[in-house]
Amino acid sequence: MMVFSVRKPAWKVQEEITAHSSSVSSLVLGKSSGRLLATGGEDCRVNIWSVNKPNCIMSLTGHTTPVESVKINTNEELIVAGSQSGSIRIWDLEAAKILRTLMGHKANICSLDFHPFGGFVASGSMDTNIKVRPSLPFIYGHESAVRCLRFSPDGKWLASSSDDHTVKLWDLAAGKIMFEFAGHTGPVNMVEFHPNEYLLASGSSDRMIRFWDLEKFQVVSCIEEEATPARCVLFNPDGCCLFAGCQDALRVYGWEPERCFDVVPVSWSKVADLSICNNQLIGVSFSQSVVSSFVVDLNRVTRSGSGLQGLIRDDRPPAQQLPPTGSSLRRIYERPSTACSKPQRVKHNSESERRSPSSEDDREEKESTAEIQNPEDYQEIFQPKNSITRTPPHKSEPFPAPPEDGDLAEIVDEEAVSQIRKGHDTMCVVLTSRHKNLDTVRAVWNTGDIKTSVDSAVAINDLSVVVDLLNIVNQKASLWKLDLCTVILPQIEKLLQSKYESYVQTGCTSLKLILQRFLPLITDILAAPPSVGVDISREERLHKCRLCYKQLKNISNVIKNKSGLSGRHGSAFRELHLLMAVLE
């Protein structure tokens, strides 16, 4: 008698929705929560959904051609969408409004990605070019359409794949290519960084998934799909395996040596994106105007072990077999422990970012809207009450309750009072002096002369007063002028080298605002040919730009030296280093 073992299905259909009035042309999942879905359609709209609900939360308009690429940022608070015409729009999901319109590409936008902790957006197009906004120049290097872009977990590199069969790795700070990986024999449709190690995976129409070592710049292993190429790939959060979304199946791979740990049949047909949350894998697919979501229980999926041994190459001698996947075999990313502040939401006026006011695209930007279709879901997801963070929750489980019994020794009242009194008199003297200085600055501020009030704060020669003033000015970008920059930049250089964390943070925030608002203007003016005749206002502006440029060059040396630091300030310095790359 023969006994058959039947495996209980590990997946289920979560939801089916009619996403657009016409065909869906792109979609993406939020990677933090796994519950947020954005779709782009041939109706030129971007719609926002909750994966487990059939109702549209928000509809974003403004594009006049089909939306062919969408991406949600790490915090699930911003979304960027690229169209068939080459225009790109960024929306704030909480404020339900458009932030920025980016121009420059001459053909379809094929891929987009947000920097993991900085205010950058990378775009790849059928015009073969890559652009990293807001201030880095075009990256040229591919010979065909750029199909996929990914920032590395530490934010230092950008990987790109193309129809020219290559994968390229770019150094963002240097603005040049680090290495070109060749080996695929068909268009490379996807790239994905390992979450921890210097490892990159790429998938191609040649039905091969290749793993690349980013230290030795060589192939680690290759896996050939059985029938059809993978449509999307995603590393497990701990890096133990790679999930590949294939035609009607989820395949789980290891790479050292190459092997298949598991194959889960899933009827998702042409799956387009994957996300993981609460040990569940969410997959989404689309057909015409209908989007379907699927949930796979990863508790019932094999992610390590011997796997299906048929994938291990037979021609490799046993002595060369590598340790199992999951052990750290190569360098680990120095990922910042805390993300820096979210991008300043200002629109850039440089020619590379926006066309003249009379252009069709600028008129489209004014007409862009964010229509809230479901206020209840919108309030729940993007503006939750009694919550520190407004983004969808990363985990559905409640936070662990604090322990009932504390182990700390009780402090008697006398000891507590003694600790409080330490340094009290000295602090009172410091705060009294600081209050008097701030009253002096406020008296000038009330006259409406911001420049003179900043001058008076600088003249007091007390960095704490400068910090207090900058913390106010930073909240209103419209207060910043070139005159203000010439006075503040030397103070920022001092703040960045301070031993006080709050001073450093304020300096980073002010410098980032100046770079985003004025650096394109400064470089454009300095690069412009001399004017004919006498133009006093232009000469004054040119003098201010030269002075700011000189001060920024001095600060760039400080930034470069500190960009290797770890923690929150390290990530902020690395972002500033990228913004200042045009000065080098």
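Note: Cβ is positioned from N, Cα and C throughout, glycine not excepted.
Curation plays no part in TrEMBL annotations; they are all automatic predictions.
Feature annotations, courtesy of TrEMBL:
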type	residues	note
REPEAT	17-59	repeat 'WD'
REPEAT	60-101	repeat 'WD'
REPEAT	102-132	repeat 'WD'
REPEAT	139-180	repeat 'WD'
REPEAT	181-222	repeat 'WD'
REGION	307-406	region 'Disordered'
COMPBIAS	348-369	compositional bias 'Basic and acidic residues'
DOMAIN	422-580	domain 'Katanin p80 subunit C-terminal'
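Long-range Cβ contacts of the repeat 'WD' (181-222) within its own chain (Cβ-Cβ under 8 Å, at least 6 residues beyond either end) map to 144, 147-153, 157, 159-169, 228-235, 237-239, 242, 244, 253, 255-258, 328-333. The average pLDDT for the repeat 'WD' (102-132) in the predicted structure is 90. Long-range Cβ contacts of the repeat 'WD' (139-180) within its own chain (Cβ-Cβ under 8 Å, at least 6 residues beyond either end) map to 107-108, 110-118, 120, 122-126, 128-132, 186-193, 195-196, 200, 202, 204, 212, 214, 217, 333-336, 563, 571, 574-575, 577-578, 581. Proximity of distant same-chain residues to the repeat 'WD' (17-59), defined by a Cβ-Cβ separation under 8 Å and at least 6 residues beyond the stretch ends, is recorded for 65-72, 74-76, 79, 81, 83, 91, 93, 96, 272-278, 280, 282, 284, 286, 288-291, 293, 370-374, 377-378, 381, 391-394. Taken residue by residue, the repeat 'WD' (181-222) breaks down under DSSP into 0 helix, 25 strand, 17 coil. For the repeat 'WD' (139-180), residue counts in helix, strand and coil come to 0 helix, 23 strand, 19 coil, using DSSP.
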